[in-house]
Every structure is written in C-alpha cells, then in structure tokens.
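As recorded in TrEMBL, the features of this protein are as follows:
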DISULFID  CYS265-CYS292  disulfide bond
DOMAIN    42-105  domain 'Sushi'
DOMAIN    106-168  domain 'Sushi'
DOMAIN    169-234  domain 'Sushi'
DOMAIN    235-294  domain 'Sushi'
TRANSMEM  325-347  transmembrane segment
Amino acid sequence: MTASSAPSKEPSVRRESPLPSRWRVLGTLLVTVGFLLFTFSDACGPPPKFEAMEMVGKQKPSYSPGDQVNYKCKQGWEHAYTFTTTTYCELNNSWLPITDWACEKLKCPKLPTIPHCREHLVNGTIAWGHQVHFVCDEGYYLVGRKFILCQLKGARTFWSHAVPRCEKILCSPPPKIKNGKYTFSDVDIFEYAESVTYSCDPSHGEDEFSLVGEKSLYCVANGVWSSSPPECRVVKCLYPELKNGRQITGFRKKYYYQATVMFECNLGYHVRGSDTVVCNSNSTWEPPIPTCVKGPRPTHPTKPPVYNYPGYPEPREIFNEDIDAWLIALIVVTAIAGIAVCCTCLYKCIHGRKKKGLSSCHHLPEQP
Ligand SMILES: *[C@@H]1O[C@H](CO)[C@@H](O)[C@H](O)[C@H]1NC(C)=O
Ligand SMILES: *[C@@H]1O[C@H](CO)[C@@H](O)[C@H](O)[C@H]1NC(C)=O
Ligand SMILES: *[C@@H]1O[C@H](CO)[C@@H](O)[C@H](O)[C@H]1NC(C)=O
C-alpha cells in the first residue's frame, strides 16, 4: 500500500525541481558575467555628486581611466578653501576620492550690534538656513522677532525679518486706591524692578482701615506691575469668645485683619478644632473658633472620640461579633440539614432502584 502511493507523489516533486535549479545556475552565471564585465570594463561609473559643488560641463556617457572631471561651487556656495575640486578616473576604475570642503555656504549680511541685546547663533553661523535668536538684557524687552532666519533666493542671501531692538522696561504709575496711598506718588514713570508701597489712610470713623492684598508692587515688565493693588477697608472680626475656655494670647480692643488669637479650655474640657484662629479678609475667624468639649483629649484621634470614654462600649464591635456568631450558627445548621437530606435521599434512591430493577426484569421478557 505504501509502495503504490509513494511513486504517485514523487514524480510531481521531481518534475518541478530540475527546472528551477537550471534557471538558478543560469541566473548565477549571468550575474557573475555581469559583475566581471563591470569590474574589468575600462570605465568608471558616473562622477560622484556633492552637496556643495557640481561638475563643470556636461556629464559624458562613460569615463575611461585617466578622464578628468572638474567641479565648481553650487549656487548659494562660494569657493573658500584650497581643497581640490578635480577628480579623475583611476586605473582600477574608481574615482579619486575628493570632498566638497572647498565650498562654503553664503552668509547673510552681518548683524548690526543691537544695544542691550544678546544674539545667539542657533546653528553656529549666519549662513542661509541658519537661525539667530535674540534675548534682551534684564530690564529690557524685545520689539520685533525673537528668531530670524537667513534665507537664500537665487544667488542672494537675506534675513527673513528685520532685526529686533531692545527697549527699556518702563511702568506708568500704579493705580490709586480708595482710603490709601503709595510711596513715590509724585513719580511719573517707573523703571524695571522699581517698587511702590501702599499704606492706608487713618480712618475718621470708629474703626481703622486694614490693607488687604499685596503691600508692595514692582514694575516687572513693560507697563506691568507685579500684582493688582491692595484694598484699604474695614476688616473687623467678632470679639473671640469661647464657652468653657478662654483666650490666652492676642488680646486687643478690636480684632482687625490678620489678628491672631490662641485659646485654651478649662480643666476637664478639651479643644475640638484649632486652638489658633486668624481674622481673615471676610471679617470671619479662620478656621472657625473651636469648641470646648467635656472630658480628656482623645488618645486615638482616628476613632470617634465618643467611644473612647471608659465604660462606653463600642457598638461596632458588638455588631461585628453578633454577625460572626450568627454566621457560624447558620453554617452549622445548614451543614447538618444538608447531610440529613442527602442521607434520606440516598436511602430512598437505593430502595427505589432495587424495586424498579426487579419490576423491569419481570417485564422485559414479556414485551416481545
Ligand atoms: C584604486 O586605486 C587607488 C590607488 O591607486 C586606491 O587608493 C583605491 O582604494 C582603489 N580603489 C578601489 C575601489 O580598489
Ligand atoms: C538649526 O537649528 C535648529 C534648532 O536646533 C534646527 O531645528 C534646524 O534644523 C537647524 N538648521 C540647520 C540648517 O541645521
Ligand atoms: C470670602 O468670601 C468669599 C465669598 O463668600 C469667598 O469666595 C472667599 O474665598 C472668602 N475669602 C476668605 C479669605 O475666606
């Protein structure tokens, strides 16, 4: 059986294999011949190409050993260094290796010196395709482009934009405020980093004005002050009172903006909240005034303090224990009930099958 099936498959394999192997040999031969023809032919390949220079005259269809090719700098490049720009086809049919280092990229017009400005040549030179970055000295700001690019059009180079300039940072006087004033109010123009300091006028009413916000402003950029001016207004918090406790620091007649007060609870009480409060700009104590709670300070601040008093049971634990007991009882009862049901079932099943088996045995021979 194996002998009859094997020859039926083999011829198909044999018929395919001779043809490709013949072609392969032919292909290899052709490639080898081509390679030999190429390597032993009396010709160099096309002359090499360069980024900065191009050959003088037209390219010939073929070059023989001894043939010479001259190069010149391309448009946008100039002859700057004494490297050879001539190559020739050598006896082994390869071009004498040369470089295009003789040519250099054309540069843009020299940049003028810009007062109070530092120039950064991003690509190292001011040749076309290269960028220049400008940064003003401190206290000056840039008018114009931060970056300019040297560009090439035909044989000419030019800057993409006009060079910027750096101008002195100045600020006009900061805003005037109600019920207050600032220093140097007679100055018309402020220079970079110069500052003014605000203060509130004395009040003619019963409460003093509080300065809310930044007291000092600085000229940080052209026409820009460091922040908005402060306000002068009455900020007054309620007299700090603590039931079952007392104030221990910061005693005053009136509690204005940023007044700070510290509290202490009476013996047998403890502070709930912050013992230090500050009068904020909304005339409210921040954080809110604390309360004094009866009893010692809780030892475990993470647990609700009410459960920590001696003799006070923790309901959560009782609840958990109860659940555990019920769960165990339920599991035991279910298990016993399950076993009982299984036993009963098994017993009934065995008995039932014995009876059925007997009856079927009696009936079987009767059927035909
Ligand atoms: C051709 O010959 C020159 C010297 O005559 C040698 O420097 C060069 O490496 C040779 N090139 C090749 C491709 O063998
Ligand atoms: C010049 O430098 C910039 C930033 O590094 C780069 O993006 C750009 O390609 C460079 N240009 C050239 C011509 O090297
Ligand atoms: C003052 O009150 C306003 C509005 O009720 C609120 O947005 C602001 O945050 C309060 N400021 C302070 C310092 O509490």
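Using N, Cα and C of the backbone, Cβ positions are placed for all residues, glycine too.
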Averaged pLDDT, computed only over the residues in the domain 'Sushi' (106-168): 97
Assigned element (helix, strand, coil) containing CYS265 (disulfide bond), judged by DSSP: strand
DSSP-derived helix, strand and coil totals, residue by residue, for the domain 'Sushi' (169-234): 0 helix, 27 strand, 39 coil
The domain 'Sushi' (106-168), counted residue by residue under DSSP: helix, strand, coil: 0 helix, 32 strand, 31 coil
Neighbour tally for CYS292 (disulfide bond), based on other Cβ positions within 10 Å of its Cβ: 19
